[in-house]
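Read through the structure below, which is laid out as structure tokens, and then see the notes.
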Amino acid sequence: MAGHTAGEPLECYSIPIVLEKEPDIDQHGNPIREPDGKQRYRCGFRIGGGIDQDPSQSPQGYSDKGVYVTYIHDNSPASRCGLQLHDKILQVNGKDFTLVTHKQAVESIRKKPVLKMLVYRKGVPSLQKPPNTMVSHTQFQAYPHHGQPQQYSTQQPQYQPQY
Amino acid sequence: MSSYQLNAGSGPTRAMGSSGEPSYMDLSNMPVDNKQQQTMMWQQNQYMSDSGIHSGQTTQAPSISSKSHGDEIDDGDMDPSKMMFDWGLGGDAYNQEQVDEINQQLNQTRSQRVRAAMFPETMPEGVQIPSTQIQPDQPTAVQRLSEPSQMLKHAVVNLINYQDDADLATRAIPELIKLLNDEDQVVVYQAAMMVHQLSKKEASRHAIMNSPQMISALIRAMANTDDIETTRCAAGTLHNLSHHRQGLLAIFKSGGIPALVKLLSSPLESVLFYAITTLHNLLLHQEGSKMAVRLAGGLQKMVALLQRNNNVKFLAITTDCLQILAYGNQESKLIILASGGPGELVRIMKSYTYEKLLWTTSRVLKVLSVCSSNKPAIVEAGGMQALAMHLGHQSQRLVQNCLWSLRNLSDAATKMEQMDNLLMMLVQLLSSNDINVVTCAAGILSNLTCNNQRNKVMVCQVGGIEALVRTIMQAGDREDITEPAVCALRHLTSRHMEAEMAQNAVRLHYGLPVLVKLLHPPSRWPLIKAVVGLIRNLALCPSNHAPLREHGALPRIVQLLIRAHQDTQRRASISSGGPPLSGYVDGVRMEEIVEGTVGALHILAREAHNRAVIRGLNCIPLFVQLLYSPIENIQRVAAGVLCELAADKEGAEMIEQEGATAPLTELLHSRNEGVATYAAAVLFRMSEDKPQDYKKRLSMELTSSLYRGDTNWTDPPGFDDMAMPLEDSRDHMYNPHGSQSNMYGGGHHVGRGLTGYEQVPIDSMQGLDIGSQHSSNYGPMDNLPDLANPGDINFDNLDPALGPPTGDNPNLWYDTDV
């Protein structure tokens, strides 16, 4: 799956990883905040790539325009969650990362405090599947609307007065 | 009849009146050995006419009576000398000594003679009583009086048995009333006791009932006394009276209810029993009692009594009172709730086995279970499990009441634990012969399986699927049964571990034919809606695709869709310009039918043959039309079914020919992720045959329009365990016109989106992140296609500058810390 052309249909096995961010603090232990006052969180890794970047310019020699993990900080949520160097991020919190700009990728990652990611890693076996099935590896399934349970209490049960 | 005063006295009556008429006395309660006394008294009274003796004799133990025995018996009334005169002094001459001796003898046997005269039946056999008769033709005084005495005796005996209330009313009652109002507590007590005794006999009871002052006096005495025995007698009297309508009316009118309610706090059990039984009779038969009991605070006391008492009959009466009071009266139900009623009632259901008590309690629970405030309290107190305990009882009325209560409570119990026993019983009850039982069981199962995975799994494991399918088959066109049963199956066939097994099981138990049949008349819309939803779930299992097709599900579903759609169109045209008419038919909106049917077709379209059938039914134009619907859910299912249909080449072509591209592109901007994703997928598939170049641009277009609104995107439905219906998680605060500032964290690039788009109609372009932030290689968006206009978009006119900047990018490749 290396060398995947962005925008082409893609089907492969991926590794699910959940990363829980930690609050970002400075060297004195004070929390770092965004300009609007919100607490900033850090994941502890670096990403590179995107469809607006040229992978041939990448020091790591990545083969396509996907988003890759280029560095993992020690003692960070990234190091603890199972993410590895050079993992290609396929999806974050449901958003497809095979067709994003670099900035879009950064924004997406920064948004939520918990990241549910699907990554591709070299060495993962390739997928063999018959044609004519749902091609995207993002499966959307509309859930049936169960609705509310039926209210029965508006029916007054029969009461026979006994004499 | 001589006017004798018969003061055998059964109470401290001082004056029985002196009018000379015989009075009625309750002699039956007197101990027999007092007959002697009576005889003696009568004996005395022989010689006194209009004596008006106030003997004050009592028949009770001396310690109670304020007067001692025999105080006023005058012994000196016998004057032997008189007798001697009657005899005359003819005949033998007796000397004085002999005369004295004879006299003494006669004196001693006098009582025997009198007794013989009056009560010959009491004389022992063969006893010789010396006779005082000297001359045969001159009867003795006793003899002369024997006949009238006998007559008197008979009359008295008759009176004792004779129901002559008028007499008593005029004589005894006024006196008793006075005594009841006396200051002396002992007097009051005696009077109360007397009245209690009187109330046991029918005639006197009527007399009491007919005297409102008597009732008032009783009630007042009962309420004001400190003596518990007085209270008991008075309460007992009222209890006796309460078996007659007049008595009830009299008690009610005299303000008896507040006094009786007060008695419910009494420590003495007999008082409690009298009070509650009297109140029960009043509540059953006396108009106005319910309101009076409520006003007097009866409800709180009765609930408190449930706690104190262990006697099952008492509890049964008390719960029945509660049921009568609470039925149809919301305020009463709330008072019972506030007094801790639900907890007590549930405890009773759990602890006792007396059928009548269980039955009355289940009726109270039934009445309370329709109250939305009581419902959660009952459920939390363990009401469901308690009621479930008795579903196997042999008493049908108990089982039925429990089922009704359970059904009413079931919608509030979807989150309860430990329902396994109940669920098992309900599945068993589905095979009952009683229609009501089956109806209730189906309804309860339907609610309990709604959104509760554990219950769903449990029901599947105990054979619920088979039981429900069988129930549906046997119910025929009885929608009261089929609708909840189908809803239950619908719940059981999705979103839990055993869902796939359930989907297969429906087929394996021959459920498919009967379900497809239910899509046809005489089924009404609620049932049809449920069946369509179930079929959709069943279609999740690939093995069901062919059978469903073979039973003709597809054409019928399409038929229903067309009908429902036409109905919505009609309403829309009627109310054109104004707010859309939301039409309910049988309580179901046609929009829901449209959504349901298209949703079912969406899943059915996973199979190739089904797709061919759907195409053959000429549905694609309709689906495309539905893309224009204002309702997001309909858009989603329409885009979904088109997505499936587009998997085939013919399908994709047909879709494109119907002009779907335009609305689909429009839907790319939808804030609903499902809609946008399906729309993108359809467009993607439709573009399979197009040139590579086109595909690349399209995917750029698609992804940028898909991602420009990423501020509020939550996880897509595929990843979360969605317990809530899809719609709820779609409540975005998304503002398509104002999201720019959120997207770019630092606030820069705010103005950019707007200024570059001037040549193009703003509406659809707002929020489109067509260009990237970093590279400025994307020139002004002059030639952007006009996405706001319907009609085919010509992608060939895209500015080449929009293409992926391979090789154009002078930027270094770099990474960012996150």
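In case you wondered, yes, glycine gets a Cβ from its N, Cα and C as well.
For B:1-27 (among others), the entry in TrEMBL reads region 'Disordered'.
Taken from TrEMBL, the feature compositional bias 'Polar residues' applies to B:1-10 (among others).
Annotated region 'Disordered' per TrEMBL: B:50-81 (among others), in sequence order.
As annotated by TrEMBL, compositional bias 'Polar residues' applies to B:52-67 (among others).
According to DSSP, the secondary structure content of the repeat 'ARM' (B:171-211) in residues is 33 helix, 0 strand, 8 coil. Feature annotation from TrEMBL assigns repeat 'ARM' to B:171-211 (among others).
The repeat 'ARM' annotation in TrEMBL covers B:213-256 (among others). Looking at the repeat 'ARM' (B:213-256) alone, the prediction's average pLDDT is 92.
Sequence-distant contacts of the repeat 'ARM' (B:255-297) (same chain, at least 6 residues past either end, Cβ-Cβ under 8 Å): 215-216, 219, 222-223, 228, 231-232, 235-236, 238-239, 242-243, 245, 248-249, 305, 309, 311, 314, 317-318, 320-321, 324-325, 329, 331-332, 335. Residues or ranges marked as repeat 'ARM' in TrEMBL: B:255-297 (among others).
Residues or ranges marked as repeat 'ARM' in TrEMBL: B:297-340 (among others).
Sequence annotations record features per position, and here TrEMBL assigns repeat 'ARM' to B:340-383 (among others). A Cβ distance under 8 Å defines the sequence-distant neighbours of the repeat 'ARM' (B:340-383), meaning residues of its chain 6+ beyond its ends; these are 303, 306-307, 312-313, 315-316, 319-320, 322-323, 326-327, 330, 333-334, 389-390, 393, 395, 397-398, 401-402, 404-405, 408-409, 412-413, 416.
Residues or ranges marked as repeat 'ARM' in TrEMBL: B:421-463 (among others). Under 8 Å from some Cβ of the repeat 'ARM' (B:421-463) lie the Cβ atoms of residues 384-385, 388-389, 391-392, 396, 399-400, 403-404, 406-407, 410-411, 413-415, 470-471, 475, 478, 480-481, 484-485, 487-488, 491-492, 495-499, 501-502, 505, 723, all in the same chain and six or more residues away from its ends.
Helix, strand and coil counts from DSSP across the repeat 'ARM' (B:463-505) read 33 helix, 0 strand, 10 coil. The annotation repeat 'ARM' is assigned in TrEMBL to B:463-505 (among others).
Sequence-distant contacts of the repeat 'ARM' (B:510-553), counting only residues of its own chain at least 6 positions beyond either end whose CB sits under 8 Å from a CB of the stretch, comprise 469, 472-473, 477, 479, 482-483, 486-487, 489-490, 493-494, 499-500, 503-504, 560, 585-588, 592-593, 596-597, 599-600, 602-604, 606-607, 609-610, 613. Annotation comment: TrEMBL describes B:510-553 (among others) as repeat 'ARM'.
Annotated repeat 'ARM' per TrEMBL: B:618-660 (among others), in sequence order. Within the same chain, residues 558, 561-562, 565, 580, 591, 594-595, 598-599, 601-602, 605-606, 608, 611, 666-667, 670, 672, 674-675, 678-679, 681-682, 685-686, 688-689, 726-727, 730, 791-792 sit at least 6 positions outside the repeat 'ARM' (B:618-660) and bring their C-beta atoms closer than 8 Å to a C-beta of that stretch.
For B:767-818 (among others), the entry in TrEMBL reads region 'Disordered'.
The helix, strand and coil residue counts that DSSP assigns across the repeat 'ARM' (B:340-383) are 33 helix, 0 strand, 11 coil. Secondary structure of the repeat 'ARM' (B:213-256), assigned with DSSP and counted as helix (H, G, I), strand (E, B) and coil, comes to 36 helix, 0 strand, 8 coil. With helix defined as DSSP H, G or I and strand as E or B, the repeat 'ARM' (B:510-553) counts 31 helix, 0 strand, 13 coil. Across the repeat 'ARM' (B:618-660), the DSSP tally of helix, strand and coil residues reads 30 helix, 0 strand, 13 coil.
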